[in-house]
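Trainee: OK, TrEMBL features for this one:
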type: DOMAIN; residues: B:105-320; note: domain 'ABC transmembrane type-1'
type: REGION; residues: B:1-28; note: region 'Disordered'
type: TRANSMEM; residues: B:49-70; note: transmembrane segment
type: TRANSMEM; residues: B:109-130; note: transmembrane segment
type: TRANSMEM; residues: B:142-162; note: transmembrane segment
type: TRANSMEM; residues: B:190-213; note: transmembrane segment
type: TRANSMEM; residues: B:245-264; note: transmembrane segment
type: TRANSMEM; residues: B:297-321; note: transmembrane segment
Amino acid sequence: MTDQDKRLSRRHFVGATGAATLAGLAGCSGGGDGGDGGDGGDGGSGGTLEVLHAWTGGDGATAAEALVEAFEEEYPDIEHEFNPIGGGGNQNLDAVVANRLQNNEPPSAFAGWPGPNLQRYDGVLGDVGSVWEEEGFEDVMVQEAVDLHQQNGAYRAVPLGSHRLNCLFYNTSVVEEAGVDPDSLTSVSAFIDALETVQSETDAIPMTHGASGTWTTTQLFSSTMLGQEGYEAYMDFLDGSPDEEAVRATFESLAEILGNYINDDASSIGLTESNQNIIEGNAAFIHQGNWAAGAYRNAEDFNYDEDWGFKTYPGSEGMYMLHFDSFLYPSDNPSPGVTDQFMAFVGSEAAQVAFNQYKGSIPTRTDVDMSEFGPYLQETQEDFANAEERPPNLQHGLGVTSETMTALNDVISSEFSGPYNVDAATQGFVDAVSN
Amino acid sequence: MTRNTDTGDDSGDAVTDGGVTEDPSGSGFSPIAALNDRFGSDFVESSQFWLPPFLLVGLFVYGAIIWNFLISLTDFSGFGNPNYGDLDLEMYTRALAESGFVDAAVNTFILLVGFTLVTLGLGLGLAILVDRNIRFENTFRTIYLLPMSLSFVVTAQFWAWMFNFNNGVINIVTSSLGLGRVDWLGNPDIVLWAVMFALMWQFAGYAMVVYLAGLRAIPNEHYEAAKVDGASTVRMYWRVIIPQLKGSTISASVVLMVFALKAFDFLYSLVGGYRPPNGADILATKMVREAYANLNWAYASAIAIALFLMTLGIVGPYLYYQYNRGNL
């Protein structure tokens with residue numbers, strides 16, 4: 001009897017476990033379906049707007065919140081879901097987007113870079129030409145924005161804001177102590193001389209660099225090439241017909257800078273810690289996109305022109321190296337009607353002001369009232385509007401395809417993250433971009 | 001007699017035939033019985049318990065591996081659908097020709113072997129020390145095991161700080177000892193060993209616990225007999241105790257090797273991205289980069305298969321060993 005009872009109970013137990021497992025599986029798959037099934041209202045005007053972006057921390061998160069708030073104000077009736085996916089820069093967002101597009105479950109829109117970066121989404125992006133037309137974006141955006149948001153003859157995305165890439169920031173008191181006038185640095189060689197002066201006159205790091213990822217070095221390459229070899233050479237490089245001598249000369253300057261004037265712990269720190277060196281007065285210069293300035297604004301008692309300053313990267317005066325934060329529009333859209341409304345909103349003055357003033361970037365429209373922005377961004381906006389040339393960036397999607405960008409970063413990782421091998425890096429870069 | 005025999009034969013045939021024709025309506029010969037005969041008496045009755053998980057695992061694990069292998073034979077990249085009509089080994093030849101892949105494979109292998117051996121050695125040493133009836137034994141055991149309970153994300157950040165060139169605790173120690181500072185993460189010749197050291201720190205406690213269980217299972221008589229025979233402590237462990245820890249060694253090393261293959265999490269958290277420092281790229285990180293940065297699905301699948309074969313090369317002999325011992 002007891003034996004039988006035992007057996008029975010064990011059987012029941014196993015059976016119950018099996019049932020629970022099955023129920024769990026069913027629940028999981030049901031949940032999964034539910035997640036993407038939320039877009040049930042295909043077509044029509046309904047459907048939930050689902051937007052993916054990577055602004056999870058600091059300025060980005062504040063800016064994204066401001067964007068959502070402005071959107072709710074403008075379109076109170078649209079059901080929406082803004083999902084931030086952070087980590088690894090944009091890497092995790094890109095991976096999630098890639099999976100969802102691959103599985104035919106696209107979001108309504110996702111944050112990304114336009115330009116050649118669109119090529120990786122070849123065939124899965126829809127056409128937002130009607131939004132561009134209705135809202136008259138072509139008339140209010142700079143020509144580069146108009147060009148870079150098209151692929152195969154159709155608009156694929158709408159820009160939200162723009163950062164500037166060819167920036168050099170400095171700590172005012174450190175450069176003053178060294179006796180360097182940043183405004184006089186109008187060539188890369190003058191810049192290297194200034195780094196030498198900082199090194200001999202002060203205890204500070206001449207140039208702080210966070211190289212735990214390779215992107216900072218690739219980015220520095222692009223500004224240095226633009227500043228030293230000029231606009232044409234840089235554009236030839238992006239277009240796939242690089243002048244090997246120009247690439248080599250750029251790497252020689254870089255090797256001199258990185259080999260002599262950067263912090264010893266560059267390889268173990270990233271941008272945030274590197275930027276902290278400027279705020280704390282441990283370093284004189286940093287090259288970065290102007291998102292770096294967001295950290296200065298958030299630092300206490302650290303004001304523009306008094307404590308930190310901006311200089312166009314030496315040699316690239318009069319140019320604005322472009323970066324765009326845009327929203328890309330997947331075809332087979334789960335909520336086409338509301339997505340169009342969202343896209344129209346993204347390019348509107350309300351959205352661009354709300355987002356960019358917190359993000360530390362500027363509107364891509366040239367007709368926006370800049371009074372809400374601080375003095376630094378107002379100057380940036382003027383530079384943007386009046387720039388002689390607006391070359392696309394190398395590291396953030398506008399200059400080369402994502403595959404080329406990976407190849408360039410492979411080269412930086414294996415040949416140019418110390419020791420600095422100019423020959424191999426030159427060869428690698430030329431091979432990577434050449435058609 | 002012959003008649004009888006004939007009738008006997010006849011009747012026998014008739015019976016056999018009759019039996020055959022009768023049987024399906026009865027229960028003597030059926031697929032269920034045949035299956036039970038072939039695979040054991042409870043095969044069909046018990047199938048309701050093992051069959052669902054068997055099918056699920058078969059589909060989601062082995063099915064996925066086979067599918068992955070198929071994708072690796074295509075040229076699939078970007079969005080859309082793979083073309084299964086044109087299968088070849090191009091991705092594998094491409095991998096073997098690419099220095100990045102070869103470096104990553106070599107690094108994976110070094111990490112695998114080096115990390116496992118050192119961790120086992122350290123774990124054994126700790127286990128023997130803890131097993132010698134020391135005071136605060138439980139406290140030490142907990143302390144050594146604690147790193148194992150931390151996530152890779154946490155430990156990677158710890159070590160990123162500790163390996164910092166200027167203010168990392170390790171360089172403070174080395175420079176105060178007069179050894180100078182070392183660029184642990186920036187020097188491509190060193191970084192893999194630095195990563196290995198960090199992983200070893202995290203998993204030595206696990207190896208210790210496995211060995212400790214093995215040591216506890218050895219009867220006290222063995223220690224006493226060795227002592228009576230006049231063996232020194234070192235000799236006793238070397239000749240009597242350690243040889244009995246073979247089982248612990250094998251099971252611990254399989255787990256450790258699998259952890260070494262999964263070092264992706266650690267490297268990802270160390271740099272906050274898919275690209276580890278130069279010199280520390282492993283197959284797992286390269287695979288993710290190819291898949292998600294470049295959308296080279298087929299090539300990433302080929303790397304995944306290479307990684308899978310490496311894992312199989314480790315787990316296979318272990319399974320064979322267990323099978324020979326009758327544990328499977």
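Cβ atoms are placed via backbone N, Cα and C, with glycine included.
All annotation found in TrEMBL is predicted automatically rather than curated by experts.
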Trainee: Where, among B:49-70, B:109-130, B:142-162, do we find the most CB pairs under 8 A to the transmembrane segment (B:297-321)?
Mentor: B:49-70
Trainee: What residues in the same chain, six or more past the boundaries of the transmembrane segment (B:245-264), come closer than 8 Å to it by Cβ-Cβ distance?
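Mentor: Beyond its ends, the transmembrane segment (B:245-264) has Cβ neighbours at 108, 111-112, 115-116, 119-120, 123-124, 195, 199, 203, 206-207, 210-211, 213-215, 282, 284-285, 288, 307, 310-311, 314-315, 318, 321.
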Trainee: Using a Cβ-Cβ cut-off of under 8 Å, list the residues of the same chain that are 6+ residues beyond the ends of the transmembrane segment (B:109-130) and lie near it.
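Mentor: For the transmembrane segment (B:109-130), the list is 137, 140-141, 144, 192-193, 195-196, 199-200, 203-212, 214-215, 237, 241-242, 245, 249, 252-253, 256-257, 260-261, 263, 282, 310, 314.
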Trainee: Taking residues 6+ outside the transmembrane segment (B:142-162), which of them lie with a CB under 8 Å of any CB in it?
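Mentor: Hits for the transmembrane segment (B:142-162): 126, 130, 168-170, 185, 194, 198, 201-206, 208-209, 265-271.
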